[in-house]
């Protein structure tokens, strides 16, 4: 195994120091290494962990595969991603989650941790075999019908209760379906102007409010996917103050983009939950800093060209995120490296129960490391992305921060900004 | 969003170099010329019976009105006056920004069976008159059509000639004839020849 | 000149007035025996209709033909992205055919915007989803001006299902640009959120039709689809008609000169009583005739000059 000496990098933004990676772990500096990397000006972070990735395999390999998505993740500085269950077939059995898990191991670019569906076929009618998925080779701990809300309150209660047996967590896509029938974008001034059916903030907030009360009632863990509104932040703040075991994520796009972008009717800006207002963006940023929102998760959602180069109403919702997440968070939070490491690596690893990820780059830790050049600025070029899809809303934007290298348990997956395999 | 006002005939924009200006007809000249054409019309049309004057917007319209007024002053005859906009019949629409269209107003009795005298300020390529003949064809069937112009500057591109000409002015292609009439342009009447000094 | 007409917001007061003035000239020409003008000879106008709308399609077709354009009717009804050709592929086909203008009617809001990014010709929005219908607003403004002599300062009440109405959106934008005061009237469930901020700051909202009528110069009744009942926007057709329908007693509350408009097709007995629709105040038939003139003006101004 190649050993690497990174000279003079700022570990978690601290003073420049040497970082030695040997035999898959962080080693005591000193002695020679096979490869030396000049770390001057670079920042070393624990490898990023994404709690919310759509890899599309099985079923839509034309949009993304476990391998292409893993490569995009590594290039974005990730060492672990949690693969959402809304594939075709749905990841609602041990067989499918093990298939995804195996594909991830074969690609070997990031740890691919499958998420299992809560209900059979994401239909919201009866529980999937959660226990079988938990005890499978994939050792599933997060269950989510993401893309669909577990809307039935009784079913949600049962799911929350049932996964306590194996310390599972339900990750809810909070969207009251009756309030969002036909919804195309955030309900507000812009949707009125554009004549697009509105997705009201209350459809998210009402489900979060219900779910935190359910989680409190049954004493279970709840994770809220892609929080998008200022009102949701208030509900979460209240729940956390009451001691509810709830965690929440925000996506990079909800931290940066607003519903005004829909005015182009270009579906590259169509996403679910939709882009919200500038006031929501501000509230989400503050909540992330404060910790009311625990983590950044990408909701990386690749889509084939024909699903985006069409009328807004017919387009599928979702945008790419893995390769641009860290630059966007950097541009939003600035160079607050401890905070970034916590929100993008440590806490997501803890929520997902991914041992070995989200460490502090201490000697003896598994060498899951990301090296970032914060001074570099890069213009996003959709054609250059490693993802099989091109639906990035950031094309043409110049963003700070370049991922120089990524190490997964001591193996370089990215060197010099390029994927190793 | 500006629209070019109908200018007849199509003129090239003046270059941004020192230009020469020469007054060809003064206000008094124009008055004399209109008087003369009015007399010629009376003479050639046996007292302007069964005659209609149709001005081509913009400046053909006030000219037609002046002619009618002078004919009335000389002989006490009321010649019907109207306007015939030719914008929608132009053959050069694609060469310029979209033009605002002008008014077409036919006099009460229409034009069928009458002698129509088209009135315009400048006769140049002949394309405006060609368009006017097409437009006329769509609004009625006159017994005959004549043409009166204030200035004929030559350079015809079509076999068209005027029956009444205020003044023949030999010009170069690069030059431009500018007509100003008090009714549309304010100030005093004037015809100028604008050209390059080079 | 603007290249496309996608939204009534594309028109500033000067351009909108020019279109109305041009429409007036076109209307005058419509009275002649020879209605055809040679203006757009050799130009191709494609009517691309993804929704059935015979009246709008015929109106555009008549407008284009009176200006001597070649008209190709491309009815794409029934096709969808999943089954038929995508809008983008259709756009590339039209592009190859050399369409100088594409008139598009589409059930999806924003489809004309998308189309305009894929073709070189002018795109005219003939109604997109619940977004806009700018030529309807132009013909409505034309009708108001023709009947009442002005637009500036007019009080216009637009009544009914504003939420789902592309006609209402375009009218609010255009009328506000031209200085009219627009009041939107309907049950709160059918008035979209933040409408004033979204369209025009001067727009007012009222839930009470009777209080609006005495000051109205124009009342525009919108079609209300009965299927809205199933979605609980209002309880019943009867209750809707009672609260927001324009019947004879309500019509009597209008000032002497006020006119009643409807973009059609009407639900007689629902939003408008038959006696009102057929009264001398009603401009419903004029609106159809004016539609051709307004669309001729739009086609001329988009296509009558250098591309």
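First residue shown is number 1, and so on along the chain.
The backbone N, Cα and C atoms fix where each Cβ goes, and this holds for glycine too.
A quick note: this is a predicted structure, and the numbers were derived from the prediction, not measured.
Residues or ranges marked as carbamoyl phosphate binding site in TrEMBL: C:55, C:56, C:105, C:133, C:136, C:264, C:265. TrEMBL lists C:83, C:166, C:223 with the feature L-aspartate binding site. The domain 'Aspartate/ornithine carbamoyltransferase carbamoyl-P binding' annotation in TrEMBL covers C:3-145. Annotation comment: TrEMBL describes C:152-302 as domain 'Aspartate/ornithine carbamoyltransferase Asp/Orn-binding'.
TrEMBL feature annotations superimposed on the structure.
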| residue | record | Cβ neighbours (10 Å) |
| --- | --- | --- |
| C:55 | carbamoyl phosphate binding site | 13 |
| C:56 | carbamoyl phosphate binding site | 23 |
| C:105 | carbamoyl phosphate binding site | 25 |
| C:133 | carbamoyl phosphate binding site | 27 |
| C:136 | carbamoyl phosphate binding site | 28 |
| C:166 | L-aspartate binding site | 22 |
| C:223 | L-aspartate binding site | 18 |
| C:264 | carbamoyl phosphate binding site | 16 |
| C:265 | carbamoyl phosphate binding site | 11 |
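Here the domain 'Aspartate/ornithine carbamoyltransferase carbamoyl-P binding' (C:3-145) has, by DSSP, the following mix of helix, strand and coil residues: 63 helix, 27 strand, 53 coil.
Within 8 Å of the Cβ centroid of the carbamoyl phosphate site, not counting the listed residues C:55, C:56, C:105, C:133, C:136, C:264, C:265, the chain contributes C:53, C:59, C:126, C:127, C:167, C:263. A straight line from the CA of residue C:166 (L-aspartate binding site) to the CA of residue C:105 (carbamoyl phosphate binding site) spans 12 Å. The two recorded residues, residue C:133 (carbamoyl phosphate binding site) and residue C:223 (L-aspartate binding site), have Cα atoms 14 Å apart. According to DSSP, residue C:166 (L-aspartate binding site) is assigned to a helical segment. Residues C:55, C:56, C:105, C:133, C:136, C:264, C:265 are listed as the carbamoyl phosphate binders, and the farthest two of them sit 16 Å apart at their Cα atoms. For the binding-site residues C:55, C:56, C:105, C:265, a Cα to Cα distance of within 10 angstroms from residue C:223 (L-aspartate binding site) holds for C:265. Checking the binding-site residues C:56, C:105, C:166 against chain A with a Cβ-Cβ cut-off of under 8 Å leaves C:166. Across the residues of the domain 'Aspartate/ornithine carbamoyltransferase carbamoyl-P binding' (C:3-145), the predicted structure has a mean pLDDT of 92. DSSP assigns residue C:223 (L-aspartate binding site) to coil, not to a helix or a strand. Annotation note: residue C:264 (carbamoyl phosphate binding site) sits in a coil segment as assigned by DSSP.
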